[in-house]
Amino acid sequence: MADQIPLRPVPRSAQRRAAYYSSAAAAQRHSRYQAEDESSHLDEMPLMMSEEGFENDESDYHTLPRARISQRRRGLEWFICGGWKFLCTSCSDWLINICRRKKDLKARTVWLGCPEKCEEKYPKNAIKNQKYNIFTFIPGVLYEQFKFFLNLYFLIVSCSQFVPALKIGYLYTYWNQRIPSDMVFLRTSEKTGSCFIRTDQLDGETDWKLKVAVSCTQRLPALGDLFSINAYVYAQKPQLDIHSFEGTFTREDSDPAVHESLSIENTLWASTVVASGTVIGVVIYTGKETRSVMNTSNPKNKVGLLDLELNQLTKALFLALVALSVVMVTLQGFVGPWYRNLFRFLLLFSYIIPISLRVNLDMGKAAYGWMIMKDDNIPGTVVRTSTIPEELGRLVYLLTDKTGTLTQNEMIFKRLHLGTVSYGTDTMDEIQSHIINSYSQVHSQNSGNSTSSTPSRKPQPSAPKVRKSVSSRIHEAVKAIALCHNVTPVYESRAGVSGETEYAEVDQDFSDENRTYQASSPDEVALVQWTESVGLTLVNRDLTSMQLKTPGGHILTYYILQIFPFTSESKRMGIIVRDESSGEITFYMKGADVAMSTIVQYNDWLEEECGNMAREGLRTLVVAKKSLTEEQYQDFESRYNQAKLSIHDRNLKVAAVVESLEREMELLCLTGVEDQLQTDVRPTLEMLRNAGIKIWMLTGDKLETATCIAKSSHLVSRNQDIHIFRPVVTRGEAHLELNAFRRKHDCALVISGDSLEVCLKYYEHEFVELACQCPAVVCCRCSPTQKAHIVKLLQHHTGKRTCAIGDGGNDVSMIQAADCGIGIEGKEGKQASLAADFSITQFKHIGRLLMVHGRNSYKRSAALGQFVMHRGLIISTMQAVFSSVFYFASVPLYQGFLMVGYATIYTMFPVFSLVLDQDVKPEMALLYPELYKDLTKGRSLSFKTFLIWVLISIYQGGILMYGALLLFESEFVHVVAISFTALILTELLMVALTIRTWHWLMVVAEFLSLGCYVASLAFLNEYFDVAFITTVTFLWKVSAITVVSCLPLYILKYLKRKFSPPSYSKLTS
């Protein structure tokens, strides 16, 4: 990668470089979170992405990408080639910004039950997501139609027919129960003081999240007391991040005043669903300031690349039309009202731009959509946007969600490693027997102790280290896994059971088969389900305690003293519990190996075994514990509570206090959990890679999970290295990390959303250029807005076509931003499916959708578009020859029904039958996905192929017209009969020449059109001499002209296939 993208400093003195690196390293070690005051030093060490930067030693490196991008054409050429559109867009954006000036977002204080104390006005809690309103609908629709030159041209031509002096023929026309706002959670009907919410439409994760009510308001005797207390909530200013929140709750009428810190677990974001109980909250953000709206982007009108290319060709045809008309008027000598003659010639030659082009293409797209939905190999597929099926054949980047898209979101416990012994799925029964034996011994000891005097509950000092037995190590590991989590068991209510939750009933519910587990991560549920399978079952949990049931049916109670939830920064979670029976306080922790390796005591096996499990595609967690004395815990608790009340740098202070406990912890075990992939994900991803499609995985999940899925799904091949972009906060850190990354060769990139935001802020062009060189990119902890932003970055910097695929509401922005959006109907609902251009039921269907239907749609539309243009060019050529021979008269060659029939019943069926053509069979396209690479180059429809068709049209039009003029006898009507009949036969033969795979409907279309023409001859007395067209002379003259116009082309096609065959012909032979 470094060979293509040099990334070196501008030549400066060696001393300055050395000084910079030493100072940057020191700053990184001592003050990662300081303000970015090193900008002046960074300017001395430019980060270049191309050689041209090294020649400009004086320019600031930060402005180089913009300078390169801004080097565009100026003057008249710039204005004609899109400058006018740029100016219009800029003016409209300026007007919109004037009309919609955004108010600065600020933190706010919200008083409970006292709206009159609010000093500021906040937006109404109304969310508008319609695309048009009553004023913008008509202008918007007209703009979307007439921004295509083809439609604008025919509007002008149609309007011209209202002028009598310009009328030359007929006039043709073409008609073408969610949470309503962001709240702080004050009170719930659940006695535990907590509830579950579903966030599938916010972050795409299907697991329920546990939310905790503010303890001060939850303890109030009655609901009405909420309005009698004097309290307020301080909330930070609205922001995009859905995973964090900082605020405080203050009650002033108590003595002393109550101050509680608020975090993400005390919030209820809009668009989430309450899954248990009822909740009461105080609204802090409304309308456009809610997290869900701030993470939503406006949809765009999607236009296919083929339509844009045809639009360019239409402009070229228009220039040819104008040039030809000017030449005719010039050769006329500008006699008489020449400007009227000029416009008449423009209308005579208007068939150069056929109006049937748009009709045929739109009908073709509708046919492709019908074929996709009727394909039995991809059942349930729905085409929701009929304007861009060809985009499926032009894709270069595929951006995919993880949860529910690549995976089934179903976890299975696969491996437990204790250092000296490893247990897999086939040896879990051994663990179960060890657990049964260890708890039976513990219970018998407790029974013996109960007959004697009660022993002291004070924890014993740590005994000298001796090698524990395998049974005791398994016992400790399983107990740690059963306690260290945020899982809550949920029991479905049964008929006949009263709503009162007495402990006798709870004890009866412990054996309920309808028990389900809810947690914020499916990994957690998989671990607790596994401990249940080996005999230790989590049966009850609330905010202060949890209860486990042993294999013998005894209940063990543990009091929850503190919980440290998982964060993307810490990469671990912990819990401090007190055993009710012994009084022992234990700190359990589990997390990623990179975070836990420095926390646990020295060992020689952890790193190696983590690598082994990761290569198997398992998600690993390291489990450890530490025993605490009462004095140690009390000291920790006071420092921890003080840190949680901080307004500034709360997260840093809390993390520092927790880290004081995380020293020399005892390593218990290493677990391996497998996330079940969707069916045939691996072969589908391999097929897409072989097709030249680069795949980026954008997920809201944590980095370790995303990396494991990237490996197990073979998104990253086994022989590829993975570069994990370390977390960066400042410009200097991003600079150094990019320099480290550019030295890596052929490696996949894994980066978090926060680090990505910093890189794009300072080094957007450089980062995208580096990332596009990677075989695969994984972006984790991405918000919905970030996903859409990445799509737009790829479109802007590469100019290639992008496809986004997802299954949740958080993927909608990404799907709508991509050139082609695909939604999967899954567990997360149908929001992504309904917002997408194409809806599928399984990820594996995308292979056939792209390789087969994408290929066919693009190839067929390219052939159809060019053939329709050929059909218009050939008759315009004949008109030009006719006018030249007859003293440049602006008189139509064919009139009335002949022109109508030519574009409809005489040639429409054979030409439109090209939508059934295919160059390779579907099985071959799936077997050799490398064929897809040719499509992305756009060779089927280019200026080269367009010019070839233009030359063919000029040749055939000239032969048909001059041949008819040479062979006609006495009357002009004979010229019309000979030339028009030869023209119809030539078109039918040219369709046969273009077809690569015959379909029975194509044969029917050919003979149907020919039969319609022959049958209509009897009714065209106004245009043909019926006596003449029934003679042998007419037949041989028509046959001769047709053979001369078509035979050379057949010979050339044969020679080309013989000596320069296309890539697919080698496979089909």
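Yeah, the Cβs are placed from backbone N, Cα and C, and that goes for glycine too.
Taken from TrEMBL, the feature active site, 4-aspartylphosphate intermediate covers D401. What TrEMBL lists as ATP binding site is D401, K402, T403, E524, F566, K590, R619, T699, G700, D701, R781, K787, N810, D811. For D401, T403, D807, D811, the entry in TrEMBL reads Mg(2+) binding site. Residues annotated as compositional bias 'Polar residues' in TrEMBL: 442-459. Among the features that TrEMBL reports, domain 'P-type ATPase N-terminal' is placed at 118-175. Residues or ranges marked as domain 'P-type ATPase C-terminal' by TrEMBL: 834-1061. Under the heading region 'Disordered', TrEMBL lists 442-469. Annotation comment: TrEMBL describes 152-175, 316-336, 342-361, 868-890, 896-916, 946-966, 972-993, 1000-1020, 1026-1052 as transmembrane segment.
Across the residues annotated as binding ATP (D401, K402, T403, E524, F566, K590, R619, T699, G700, D701, R781, K787, N810, D811), the widest Cα-Cα separation comes to 30 Å. A Cα-Cα distance of 11 Å separates the residue listed as 'active site, 4-aspartylphosphate intermediate' from R781 (ATP binding site). Local packing around the binding-site residues T403, N810 was summarised as the count of other Cβ atoms within 10 Å of each Cβ; on this measure the leading residue is N810. Nonlocal intrachain contacts for the transmembrane segment (972-993), taken as residues 6+ away from its ends with a CB within less than 8 angstroms of a stretch CB, comprise 867, 870-871, 874-875, 878, 893-894, 898, 902, 906-907, 910-911, 913-914, 956, 960-961, 963-965, 1002, 1006, 1009-1010, 1013, 1023-1025, 1028-1029, 1034, 1037-1038, 1041-1042, 1045-1046, 1049-1050, 1053. Below 8 A, the CB atoms of the transmembrane segment (1026-1052) and the transmembrane segment (316-336) form no more than two pairs separated by six or more positions in the chain, fewer than 3 in all. Three or more CB pairs closer than 8 A are found between the transmembrane segment (946-966) and the transmembrane segment (868-890), so contact between the two stretches is assigned (pairs 6 or more residues apart). In this view, the residue listed as 'active site, 4-aspartylphosphate intermediate' is surrounded by 30 other Cβ atoms within 10 Å of its Cβ, with every protein chain counted. If you take the CA of D807 (Mg(2+) binding site) and look 10 A around it, the binding-site residues you hit from T403, G700, R781 are T403. Counting residues 6+ beyond its ends, the transmembrane segment (316-336) has Cβ neighbours under 8 Å at 149, 153, 342, 345-346, 349-350, 352-353, 869, 873, 876, 880, 883-884, 888, 890, 943, 946 in the same chain.
When other Cβ atoms within 10 Å of the Cβ of D807 (Mg(2+) binding site) are tallied across all protein chains shown, the result is 33.
D811 (Mg(2+) binding site) is surrounded by 34 other CB atoms, counting those within 10 A of its CB over all protein chains shown. Taking only the Cα positions, the spacing between D811 (Mg(2+) binding site) and R781 (ATP binding site) is 13 angstrom.
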